Each structure stands twice: as structure tokens, then as C-alpha cells.
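Quick look at what Swiss-Prot lists:
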REGION    244-270  region 'Disordered'
BINDING   K246, Q306, D341, N378, K517, Y518  alpha-maltose 1-phosphate binding site
ACT_SITE  D377  active site, nucleophile
ACT_SITE  E406  active site, proton donor
SITE      D464  site 'Transition state stabilizer'
Amino acid sequence: MRLADARVAIEGVNLEIDGGRFAAKVVAGWEVAVEADIFCDGHDSIDAAVLHRQRGTDDWTEVRMEFLVNDRWQARVTFAENAFHELTFLAWRDLYTTWRKEVAKKLAAGQKIDLELEEGRRLLQSVETAGAEDRALVDRILGEDGADQEAGARFARMSSPEAVAAMKRCAPRTNLTCYKILPIFADREAAAFSAWYEMMPRSQSGDPERHGTFDDVIRKLPYVRDLGFDVLYFTPIHPIGRVNRKGRNNSLTPGPDDPGSPYAIGSEEGGHDAIHPELGDFESFGRLVEAAHAHGLEVALDFAIQCAPDHPWIREHPEWFDWRPDGTIKFAENPPKKYEDIVNVHFYRGALPELWYALRDVVLFWVEKGVKIFRVDNPHTKPFPFWEWMIGEVQSQHPDVIFLAEAFTRPKVMKRLGKVGYGQSYSYFTWRNTKAELIDYLTELTTEECRHYMRPNFFANTPDINPVYLQHSGRAGFRVRLALAATLGGNYGLYNGYEICEATPVPGKEEYFNSEKYQLRAWDFDQPGHIQDDIRLMNHIRRTHPAMRDFTRLRFYDAHNDSVLAYGKSTEDKQDFLLFHVNLDPHAAQTFEF
């Protein structure tokens, strides 16, 4: 397009991420507001349209835009398929509407409009793409028009609602401007709206002396579904290394029966594409996935790119790892912390491209086993280019695969992970406890540009994080954080033990004492004081109210008490609206005015 042709300006596109470098995220089947600033020099009227299509197809779907205010235009668009899409804009000078508005003003002022009516005839004659009905309508208007007729009647005929509609469909698009093509990815709904329940399969036997199996997990499925969850997330299920194995409470002196951390992946039994033999085999895993689906649950797996020192890859591909000057392999560190049972891979030098292919193939392997959701451990410590490539490779074949970024790191890093392809992200919700903190953070997530590429998943706790708030708040605090997590966000999650208000900490730390990361546990979820009914209620509200699905519909309201958070959610048509008042003080009742 020549510079002189770009007379109509198109800018400020809401679904344009970094100039089109990254795809904005939408949900397949959900209507989305597509907006842009569109304007022209002078006072001429303009018109605009959005064009969209599924990537790889030829035909565009056109949706006309509507003027909002201050040169802002909007179209309501639905991307039907879970797939990659493309989006662009057209804008042009609307000479017919300009003529109609100007002549109406002159007629109202009593001015002669004979020449203007002739100009109107010529505009009507200029229709280019009219169908048979529109062509017949225009011909009839022109045929009924005559210079001897009263000017007002002639203008009324030329500007009738039928004429306006026909000209909107088929009038020439003068000074047509086309915007660049932007990428869009339409996720399936579970990327934006899901309730996760996290467990360690090895602790599901009911006996702290017996390693759990997939069959034990199958017996727990009715319980998880009865609570109202739809995603069942497992920590790593692979063989656990024996070299430098950790003991209870992360000790360096394990006992002979200590199971080790499931994040120390790999042993002589296999690596990331193998199953811990005490859990079961691929046949029993397949039965588990099938049984979960029958209960309305999806299985999510932990994808942790790290290896135990006895992982087969270290022997088979030493070039994928870092080695110290004395010839020993370098274990993972985050000074002053050390992770003696874990070795990190190196993504460049001799590891490129074979390691990248191997990791992609691990994900595809589990996809073929029926897993379509992956929680990724510490993605912020791996290269952004790898994630962009790997997620793109997987979703080009399986667009229904969802990746959750377990990244508790700097804001810009978390947002970059969303841009490169992650459908969900852990968030700072875990540490936002006061009214001001929650309002500020949720306002950022729901109103700023990041809402188009970063979807938070509000986990109230994790195996690694025993929040200080929960350590000191008792049962009431667990109910508070449950209500906030389940109703503020579209995605939220609980790690098992939450329902019995488990909060015993390692003194002075946000960690669980006797964490099942390092030992088998047996849980009694029916013990006195449990909050199962609260969880069921929250998930029932989420399932039965359409307003709960889109977290960007969140709005905060006045409650004149710093311990009371007031907020609501509604559907676009306001047919479903929920108002929440949450007492953030777990120790005392509160009153408020609003």
C-alpha cells in the first residue's frame, strides 16, 4: 500500500500484542470485543470492518464495526474453532453517509439542494457489488426520482432506511485501508475456566506405609468429582532417582524406604516417558485416564524439565548437561539453596536441536496417552525461544493442549511466558491478602493489555507453598481464600489437604512440615473441621452461573471497611449477575456500609 493510500488511520488495536509479534488469546465459541481507533482527516464519515479466518484457509469472514466514542470502533466476533486464526481490519471513507448527513443539515436550514441531489443520484449509481435485491432497490429509487419532484421528498427517498442498508452493503469503499494481519489463538474453554485439584498419586493408598497406585487414584475419582472439580492434576509420575535422593523434610540423609522427591526424575527404570513402577504401568494409566473422563475430569500432568543424577539422558546425552571442571555434573542451585537430587539440562551448545526435539516428543508422547493439560515446572528458568517453538509445535498438531506456567517470578517474565504460548499462569494471588492488594492486582489482570494473553490460575496453596496467611488464620482463613480463589478468577486450584485446613509449617518458612514431596502420606479428608461443603458450594456456583466464566467481567464495588472486599461478575447481557462480599478478617466479624 502506498503512503498516499493510507488516508484512514487504524491504530490502538486491543488484540494486537507487541505489534503482532505474538498471538492474542481468545476462547473458541466465546464472543469477543475487537476494538481499534479508526479515524480520518476532516469531517467525512467512515466505516470499518473486521476480517477473520482460521489460519490456513482462504476465505475471510467480515464483521462490520460500530462506532463507540472518541474514534473508538468495536465489532463482536466469535472464533468458532479451537485453532490458530488471523485477524485484520478494513476502513474506508463512506461518501454516501457523508452526503446524507450534509444534505440533511442543508435541508433543515432551508438551503437549496438541487445539485446535492444530483450528487446523491450518482452515488447510488456507483454501487459496485450489489446483489440482485440491492440492485433492484437502487434502480427503483432512481427510477422513481425526478427533477420536478419536491426536494425533501427526493432526499427522503434517497436516504430511506432501505437505501441506507443497501449502500452500507455495497457502496464503493473509497480510500480503502487494510491493516496488517494479526495472529489469534482460540483456546478451548478449559484454558479460561477450570477448577483444579492437585494430588500426589503415591499418597492415595490410605496407608502411609504403602505406595499408592493408579488404581488407588481411580477409587478417589468420585470424591474429586463430587467436590466439583474438572481437572485432576498429578505431580510427576515418573521413576525417581536414587542418587542423592532426599529424605523426609528435604533432608540429605534418606532412610532406605524414603520415596524421594517426584521432581527428581529418572532412574534405571526410565525417564520422562516412563512411569514409576510402584504407581503402575501404561495399561493402568490408560484405565485411569478413561475413568477420569467418565467422571467428567481431565488429567493434567506435571512437566518438569529436570533430571535426577541417574536419569538415562545423562548417560546417553552428556552434551545436554553442564559439567564442572573436576568432571562432575553440576546439580541445580538457586544460591544459597541447593538441589542435590536434581540436574538441569542445557538448552544450547551441543544440546541444540536434539534436546528440543526430545522434550517436544515427551509432551507429544503423553498427549497420545490421553493427556491434554500440562502444568510446567519453573518455565521461567528455561529459554523463551524454546517455549515459543515447543508450544507452537504441539498446538499446531493438537490445538486442544493447554500449558499452565508454574512461574512465581518477576511480572514481565510471567507475562512473556503468556505471550510465547502458555494458556494459563500461576500468579501473585497467593500473596495478595489485603483489600488494596487484591483490588490493585485484579484490576491489572482484568483491565490491562495482559488480559489478552495471560490467564491467571489462582492456586490457594501448592506442595511448595504453605501461605503464611493460612498458617495463622484457622478454618475461617481457608474459607476466605477458597471463596476468593474460586470467584475472582476463571481458573483456580487447590492442593489436597486444603479441605482439612492442613497448614502445619516448617518453622519460619512457607513450607509444609512432613511434606508429601518427600514422604508418603495418608489423608483423612472427613476429619472434623473439613470444608468440603464450602468447596462444593463454590464449584456449584461456578458451574451454574455463566457470569463466572469470563474473569475479565470482574468489577469491584464500594464497601466502606478495609476488611470487606465487594465485587461482582455479570454476563455481557446482564442476565446473570453475582455480587460477593468477602470478610478478609478470619478472626472477627465485620460490618460495612456501601
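Any Cβ shown, glycine's included, is placed from N, Cα and C.
The model shown is predicted, which means the values in this text are computed figures rather than measured ones.
Taking the features listed in Swiss-Prot, we show where each one sits on the structure.
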residue: K246; record: alpha-maltose 1-phosphate binding site; CB count, 10 Å: 25
residue: Q306; record: alpha-maltose 1-phosphate binding site; CB count, 10 Å: 23
residue: D341; record: alpha-maltose 1-phosphate binding site; CB count, 10 Å: 27
residue: D377; record: active site, nucleophile; CB count, 10 Å: 20
residue: N378; record: alpha-maltose 1-phosphate binding site; CB count, 10 Å: 18
residue: E406; record: active site, proton donor; CB count, 10 Å: 21
residue: D464; record: site 'Transition state stabilizer'; CB count, 10 Å: 15
residue: K517; record: alpha-maltose 1-phosphate binding site; CB count, 10 Å: 20
residue: Y518; record: alpha-maltose 1-phosphate binding site; CB count, 10 Å: 20
Integer Å distance between the CA atoms belonging to Y518 (alpha-maltose 1-phosphate binding site) and the residue listed as 'active site, nucleophile': 17
Local backbone state of E406 (active site, proton donor), from DSSP in three classes: strand
Whole-number Å value for how far E406 (active site, proton donor) lies from K246 (alpha-maltose 1-phosphate binding site) (Cα to Cα): 22
Spatial separation of the residue listed as 'active site, proton donor' from D341 (alpha-maltose 1-phosphate binding site) - C-alpha basis, Å: 20
DSSP three-state assignment (helix, strand or coil) for D377 (active site, nucleophile): strand
Nearest of the recorded positions (N378, E406, K517, Y518) to D464 (site 'Transition state stabilizer') - Cα to Cα: K517
Between E406 (active site, proton donor) and Q306 (alpha-maltose 1-phosphate binding site): CA-CA distance (Å): 14
N378, K517, Y518 screened against the residue listed as 'active site, proton donor', Cα within 10 Å - retained binding-site residues: N378
DSSP-derived class (H/G/I helix, E/B strand, else coil) of K246 (alpha-maltose 1-phosphate binding site): coil
